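Peer 1: There's a structure below that I have some questions on.
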Amino acid sequence: MATLKVSDSVPAPSDDAEQLRTAFEGWGTNEDLIISILAHRSAEQRKVIRQAYHETYGEDLLKTLDKELSNDFERAILLWTLEPGERDALLANEATKRWTSSNQVLMEVACTRTSTQLLHARQAYHARYKKSLEEDVAHHTTGDFRKLLVSLVTSYRYEGDEVNMTLAKQEAKLVHEKIKDKHYNDEDVIRILSTRSKAQINATFNRYQDDHGEEILKSLEEGDDDDKFLALLRSTIQCLTRPELYFVDVLRSAINKTGTDEGALTRIVTTRAEIDLKVIGEEYQRRNSIPLEKAITKDTRGDYEKMLVALLGEDDA
């Protein structure tokens, strides 16, 4: 469930564009007005506001926001105002500019989006960067990371609920044998993770637990803690089977470490507010005994804090 609260009475896009223009004029930017508008509009509404702003003022709203705002607040507003496919393309491109730690972002985009959402991200990547996402991922990665990540970002999974229980039994056995032999990079393991539907993967790993007496993630914990590929494999499985638990882990790490990881915090809130941030928040509170909103407000300040709280649906609007 989403946390985004869209206003009951939404003005015309031209009116929103005019109000945003007003927020940029004068001696100082009116950040509260910007939040009151953009943080309470759906992706489609934000898209139309951008179009109206461009038609009326001959400027790209994103460029104006970039010029008027700064720091973490600017990042949150810009990510939020982008269309979801554009946003994922940007996040993925940024990840290909960095090294190992960014592999998780590529995996996250590939595994927590629907097939259609991932396709839109790849199309947006083509349009924005004049090359393919898989091309940049292949260039950015090597070895086992390349095999896994290129397979994941090029995936187009069946989205239905139908599963083949015979296949689940066969592949649970196959995966168990590979894990037992520590062949974590086996092509069949990568094939299963990158081509099977999420329903089929869940059926396979449920059968794995039934047949072998422990969850697959528990089996993978027996590997080398310093093995970065194994860590990415664990995160991949978690994203495909229980994404809310993956996001809780990322949020907890982002908020609880010395010095907040605003990049991860902003990414999760802006990408999940229209999808399942309510479920993530409930799981966060269950596991950490503190509401997500309270954890965030303890570690953030100013307009950045106000924006995140608004996307959590916890402001007064």
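Using N, Cα and C of the backbone, Cβ positions are placed for all residues, glycine too.
Straight from Swiss-Prot, here's the annotation block:
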- A2: N-acetylalanine (MOD_RES)
- 11-82: repeat 'Annexin 1' (REPEAT)
- F24, G26, G28, E68: Ca(2+) 1 binding site (BINDING)
- 83-154: repeat 'Annexin 2' (REPEAT)
- T100: phosphothreonine (MOD_RES)
- S102: phosphoserine (MOD_RES)
- T112: phosphothreonine (MOD_RES)
- S155: phosphoserine (MOD_RES)
- 166-238: repeat 'Annexin 3' (REPEAT)
- 242-313: repeat 'Annexin 4' (REPEAT)
- S289: phosphoserine (MOD_RES)
- T300, E305: Ca(2+) 3 binding site (BINDING)
Peer 1: Could you please provide the mean pLDDT value for the repeat 'Annexin 4' (242-313)?
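Peer 2: In the predicted model, the repeat 'Annexin 4' (242-313) has a mean pLDDT of 95.
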Peer 1: How many other Cβ atoms sit within 10 Å of the Cβ of T300 (Ca(2+) 3 binding site)?
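Peer 2: Step by step: centre on the Cβ of T300 (Ca(2+) 3 binding site), count other Cβ atoms within 10 Å, giving 22.
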Peer 1: Check the Cα-Cα distances from G26 (Ca(2+) 1 binding site) to the recorded positions A2, S102, T112, T300 and tell me which is shortest.
Peer 2: T300
Peer 1: I'd like the number of other C-beta atoms within 10 A of the C-beta of G26 (Ca(2+) 1 binding site), please.
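Peer 2: Around the Cβ of G26 (Ca(2+) 1 binding site), 8 other Cβ atoms lie within 10 Å.
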Peer 1: Using DSSP, tally how many residues of the repeat 'Annexin 1' (11-82) sit in helix, strand and coil.
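Peer 2: In the repeat 'Annexin 1' (11-82), the DSSP-based counts are 54 helix, 0 strand, 18 coil.
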Peer 1: Do you know which of the modified residues S102, T112 has the most other C-beta atoms within 10 angstroms of its C-beta?
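Peer 2: The residue with the densest Cβ neighbourhood is T112.
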Peer 1: Please name which of the recorded positions listed here, A2, T112, S155, T300, E305, is nearest in space to E68 (Ca(2+) 1 binding site), Cα against Cα.
Peer 2: E305
Peer 1: Kindly report the helix/strand/coil residue split of the repeat 'Annexin 3' (166-238) according to DSSP, in that order.
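Peer 2: Looking at the repeat 'Annexin 3' (166-238) with DSSP, the answer is 55 helix, 0 strand, 18 coil.
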Peer 1: Relative to the Cβ position of E68 (Ca(2+) 1 binding site), how many further Cβ atoms are located within 10 Å?
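Peer 2: There are 18 of them.
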Peer 1: Using the CB centroid of F24, G26, G28, E68 as the Ca(2+) 1 site centre, which other residues of the same chain sit with their CB within 8 A?
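Peer 2: My list of surrounding residues reads A23, E25, W27, T29, N30.
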Peer 1: Count the other Cβ atoms sitting within 10 Å of the Cβ of S155 (phosphoserine), across every protein chain shown.
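Peer 2: A count of 17.
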Peer 1: Of the residues in the repeat 'Annexin 2' (83-154), how many are helix, strand and coil by DSSP?
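Peer 2: Secondary-structure breakdown of the repeat 'Annexin 2' (83-154): 60 helix, 0 strand, 12 coil.
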